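Listed features, source TrEMBL:
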DOMAIN    71-90  domain '4Fe-4S ferredoxin-type'
DOMAIN    101-130  domain '4Fe-4S ferredoxin-type'
């Protein structure tokens, strides 16, 4: 008797491509298998080995290893075609894959940047979806659910709804979040301004020699978690240069469950904190063991500063799930207390932006005067060149040398140079270096829309242009120290930059992860 209930066999995309590869039907097969990501990938875009007829079997190039417990990214093996694009991103763009011994034991080396998700032609690699966690929290009437949005999401979210790359949807994004049921919507730009005050003060102290022997020059930026983990893995001997400042996401998370909870009379344990980020590494960052300072402050170490991170793509799916048309929403404003921001904060999303914002307020902290117009449009640190340098004259200090790097392969070049200078006993050639894990900065983070595949400089540039437009033409203030809500939080809660309470809630420590490689070698 025929068994009509037997489960039909499924064929993976990789198997399907191999099956037809020898008869010159690969392009057709790939399209049927869903490999064409049109319009994201462009018509007919395929990894090189699938573009031409080949003999059996189709050449495969392998793939990066992904730990099943990775908090940032996952892979659907049925969609993987072993095209090697993830290796291309991880090895060539980020210089992670292939720069360590073959894993035998311990954790698989990953900086969680998610660039592989932007290169994968079949969407086999994606962010770890946590939408359900957020929806459950919103439905829980016992929880007060707060959300924050990163600078870079406002110039990319619209692309998921058919809008041109770089469309500015700040107000629509806020409106969508309120429709989704969040109790308060805050701007991560607020703590980007706060980061500048904390990081700028730390930089001034390093330059003045106040931290000599403890925190040497140059100072590294610390807001990109993929970059931080990269340094922990490959350059732990240089961690003393890393600013102790948490990222703006983690600063706001800590303040939501301390300052905001106090001001509103809410039990911190009843607050569920969500962030919308362009970055898959932020999912990893919020789970770092040390990111529970608000809990420690409240006497409950189980409380996390941030509970869940959603990428820009996840937010888009969540909005669509609820039947909301983003394009038709009227603009809404962020909630007060932690909703004000400046142009200096929004450019955090662009490569060179953290540096430019820091220079603006560091100038003020040193001279007690606002910077000249030239420092409000610091063109040498802008653009998509992989490594950029600039020299600035600051009264009372003299020449200040800065550098900017985006994409971790570029970071490796600067760090190798710095190591060699220290080995030779040469004085530091820079005072301050901005590192961003992702090419272009956060505007092209691993959680952003896959508007072009692989990521294109045209899309990156469109998002950069919109970011600078917000800074120069839309926001009324362009200097972090002019943010009145930041001034208020120092007056009412933190006292001053780098105060004891600020150090407790807004600063952090780092981990030497190079021992992972040692364990593999000796294992």
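Each Cβ is built from the backbone N, Cα and C atoms, and glycine gets one as well.
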Secondary structure of the domain '4Fe-4S ferredoxin-type' (101-130) by DSSP, residue by residue, totals 5 helix, 3 strand, 22 coil
Taking DSSP helix as H, G and I and strand as E and B, the domain '4Fe-4S ferredoxin-type' (71-90) has 6 helix, 4 strand, 10 coil
Could you tell me what the rest of the chain brings near the domain '4Fe-4S ferredoxin-type' (101-130), counting residues at least six beyond its ends with Cβ under 8 Å? 13, 33-37, 41, 45-47, 64-67, 70-81, 83, 85-86, 88-90, 93-94, 225-227, 229-230, 233, 279-281, 283-284, 308-311, 313-314, 408, 437-439, 444-448, 450, 453-455, 516-517, 519-521, 523
